[in-house]
Amino acid sequence: MATGEFDIGATLRKRLQEITQKKESIAVKTEQAKEALQRLFAKSKPVRQTPDQLNEKIQQLEHKRTTTSLPLAEEKAILRQIDQIQKSKIQWEENKHHQAAIQDKKAEIESLYSEMRNMTAQIAELENAISKIELANRLGCTTNDLESSEVEIPSEKIGEIIGKKGQKIKELEQKTGCQMDVDKNGSVHIKGNADAIQLAKKEIENITLSVEEEIRLSSEVHSFLRGNGLAPFKILRQKHDSVFIDLSKDSKIMKVRGKEDKIAAFKADLNEINVVSESITFTKRDVGVIIGKSGATIKSLTEKYGIAVEVNDGKDDSSTVELVGIPIKIAAAIKEINEIVYQNQDMETAVVVSKLFRNAFLEKSGALIKELQKEINAALNSNAIRIQFEGRDNKESDLDSGSCTLLEIKSPRAVHNEAVELVKKRVEEYESKTLVVKFEPHLAPKLIGKGGETINKMKKLGSGATIEIDRVIGEVSVLAKDEATKDLVKAEIEEIIAQNQLLKIPVDNSMMGLIFGSPGKELRSELGEKEVSIQQEGADAITLRGRIESISECSSLLRDFIASNYTVEVKFEDGDANLLSRKDSILSKIEEELGVKTYIVRSRNIVEIRGNEEKAKDASKEIEKFLFGSSDIAVIKVKLPDSIVGAMIGKGGSNLQKLENEHEGAKVNVTSTTNLMTIRGPKDAAYSCYGQILKDMVNVNSNDSVKVDLDVLEKLTDKRVIRKITNDLPVHVSLTASSVKLRGNFRDVALVKAAINEFATGVYEGTLSLISQLFQSVQDSEDIRKSIEDIQSATETEISMEPDSYSMTITGKRSNVKRAKYMLFDLLITQPTFAKVVIPKHLAKVASETKAIATYSADTGCNISHDYDANVLLIQSDSLPRIIDGINAANSHIEKCGKLVSVVEITPSDAWVMKSLLTSYRSDLRDIEEEYACNVEIFKEEHIASISAKDTAQTEKGTEAINNLITKVKKENAFIEMPESSLPQFVGQSSKHLKTFAAMHSVKIERVKRSPSIHIHGSEQNVRSALTATEEWISEWEKQNPGTTFLLEKSTLDLLLDSKPDGTKRNICRDFGVKLDVCASKSAVTIRGGKTESSQSEAAEAIREFGNLHLLDTTTSKIPKVVEKKMVDPDESSSSLFRKTELPSTSSKFAEKTNVIKFEEKIAAAKAAEEVEVKSSTKLFNFLVSQDNSTPSAAIEGGYYKSTSGFKVRL
């Protein structure tokens, strides 16, 4: 276009840009308007009812409120509804304006959309106009010369016209200059001038009229055509440009398309190509040489010889190179490749160099060796020469490595010899500059310095040097670039040698810690001021290092220090460190008196004593006496329970200080980790303090808890269970959600805790606390340990030693634990440190009061404690006189307690009284205890009752009350032995007769277990009445059932008492049809009944023959009644033979009242009148039994007894 002409295309493009920008701006405004519309929608709160409807609803509510009497709450509710409706009216108005705003915004958006549609149409028109102008310019014509044409093509040719991704149609547009567009109907629309359209139609015709053919290529030809960057293929395609050729990389099929004659010419040229393939195997390294850097070498070969080269990796270290091309070119290429490989084969030569050279070249990450390698490669115009030290791969070496090493040169064959010569020359130049300084081998560490500090410092002198130290021969090699640097290094080395002369001084090993520890700090400082260093040489020598004149002076200082610091060590136990470190400790006293120094080494639990040898040894003896005791110094240890440690120590140790003040000379210490309290000092003071501590331990409250399951916790809510567990011990028990909390003195708390655990688990754990000396003796004695094992086996318990608390724990059933303790006491009594005093059983509670016993410990300085399980007082001490004092104190305590206890004894035959007191009369016992403020205990096995109170007067009153209660018990209880064969009739079926008889006399009657006796219990008068009636019944029964009685030897009697099914008694009864009533107390047997008149005599003969008995009396029909004044023990199997118990004199009066008339005389009248007055209850009972085979079921009502047989008897 000429200058000054109007460019309509530029104007149109500018206009298009303006409209496009404006459209984009409008699009942004549209999006903003749409967002605003969405916000309006979100804020919209529609009201469903109209204002008229709302006003009508308000009027209805107002009418209801003003015309109806409403409760205040309902009127308020109506007012709230009216208020809510008023708000809805306001909301309706607001929503009305809101909807208007929404409609406005919608109209705005629609206007913007309309404007954008107009602009879109303008843009389309402008783009069409610009497209025409650009097409006209490309074709070199005006827009008026442009025309359009349409060419229809077969549908199967559409893809060929368009091409892959539109590539073909783009090529046609570029070739013809036209614009082409293919529609879906298969028509090609062409725009351009006439010539361009004609050319385009011709090209389309070539495609639509063309044929397609596939040609299978050999592998060689395929590789050749694709080789050298597809150069052969491009030449072939350029020659036949009218043929479309597609050559795939992966497929050997070549696709061609064009007119038939053109394809034939192409195939003729293709067939004339004569190529061959050659494969050569090389190592992967050689292949790398053939390929060259970034493929340069192989590219050069393909271009030079017009061949294709392909490399295929093998499985091992080999690869195959395949060459494809014209044979003559292939041969030339192979020759050149072999030459390239030969000339590039690596050669390796090693040059011996010094270690100094090696270190110099490896410093600074191998900077020098990298520089040398770069220099050699540059000199020989190569980049394949590699220099490294053998087996080290450019890594730093140790200072102590060998004196020589190998420098390896690796390079291609072509330059190898020249590279080796250049390296040797450089090595000789460097090594000729080495400086060597001799020194004593022991100075090597000083020249090197800690962590190489000294040698590294010397390396930095001047311009920098490389330094190598040979420890074995004592030689320093220095390599530097200039002589001035070497002189500086040499001067530094000579100064170090001068400052490090040695003197070895023999020193005992025990002094090493002092010299090199804090005691020798001043000495070492003085040596340092004289520039002399000190170092331990082995186990028994010290080396002084420095200038020779300073070493001599310092050796004298060292010997003086050794003489004044003779050291003795004294071992102490854990926890004694605090005691020894106090200001007023034994150490302070010894330092002042003997002029020595003492040091506590807590890590080793020792005291170091330093000073003059003689004084240090004297000091050690004094410390050992204090720590471990002697003839006049006592050391006593007490294990404190965790719960009382704080109370025993006191705030800031105030209680310990108080103990020391009260017991002058005694020192008290508590080990915080083990709670072990140690008392040391003169024996009298120490034991006095010890006794006070034992007393204080039980006078402070201990808190503990026991975790138990919920079911156990529920049972413990029963106060009776708690009372039984605590057994009156002064321990406060409280229950929480998951545990039982205990409070009291530590001994009582431990007992209750063990009892609770036993209640929960069924396993009891008893404890036996020992003094430390006795515990140690038990642990050290193999015989005692063996005996303890035997006790475990014998009692089925587990006994464990507890070193932390100096105690033994015995676990098992409580009865077994008790047995084990008895056996342990018998075992320990052999030890001189142990004694025991048994507490009488009835004094157990009075004499076992913990605080009272602790008072005797304080008085005697002896450990006196009460063992709850065995009921004994244990006395322990390492002093025999104190053991004796403890025994006397224990006996005195028991005697004193005995004065506060009154004992009521009962004969063994009245043992049943004790059982009655514990069962039927338990409430009476409680009443006596409350009324007289006393404690009553019943001991069944000993047949005694003990009464204790705080003073004698109360005890006497309680005793009198117990005696009265026993008398009452005897009067309200009676036992009578009956003929065994009479019992079924007397008792009746299901005890109905017995119950009737008991009801008649208002008493309780029970059969005595394992005895033909019965027990009558009730008021005194009723018991007498029932007893008399029973005796009368027995008398009547014996008249009706006469028998023969024999006295027997006890052995025979025992056989008759055997109740087994095949026993003697049962056999005789079965064989002769008799009944045997055995009276064990009289060693007699009575034979009753029989099959025949002679059955009793025959049974007696059988008994006599069986037991070799002597018949003493064969004529007596019964044994005379024996009258005794004492009651019969219901548990004694040897009760009297069918005897009645004579009661106190009141029984005679009772007999006079009851024996008024004879019952036999009233039988007839009773039968006739169906009513009879009976004043003898015994005869009434006999009458009822005889008249009624089944026991009468009716009760006594209104003074009458009515039986099931119809008799009504007035009592």
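Each residue, glycine too, has its Cβ placed from N, Cα and C.
Predicted automatically and left uncurated, TrEMBL annotations should be read as such.
Within the listed segments 95-136, 263-304, 683-724, TrEMBL records coiled coil for the stretch 95-136. Helix, strand and coil counts from DSSP across the domain 'K Homology' (345-428) read 41 helix, 22 strand, 21 coil. Broken down with DSSP, the domain 'K Homology' (632-698) shows 36 helix, 19 strand, 12 coil. On the 0 to 100 pLDDT scale, the domain 'K Homology' (499-563) averages 83 in this prediction. With a threshold of 8 Å between CB atoms, the same-chain residues lying at least 6 positions outside the coiled coil (95-136) that come near it are 8-9, 12-13, 15-16, 19-20, 22-23, 26-27, 29-30, 33-34, 36-37, 40-41, 43-47, 142-143, 145-146, 177-179, 191-192. Across the domain 'K Homology' (274-342), DSSP assigns 37 helix, 22 strand, 10 coil.
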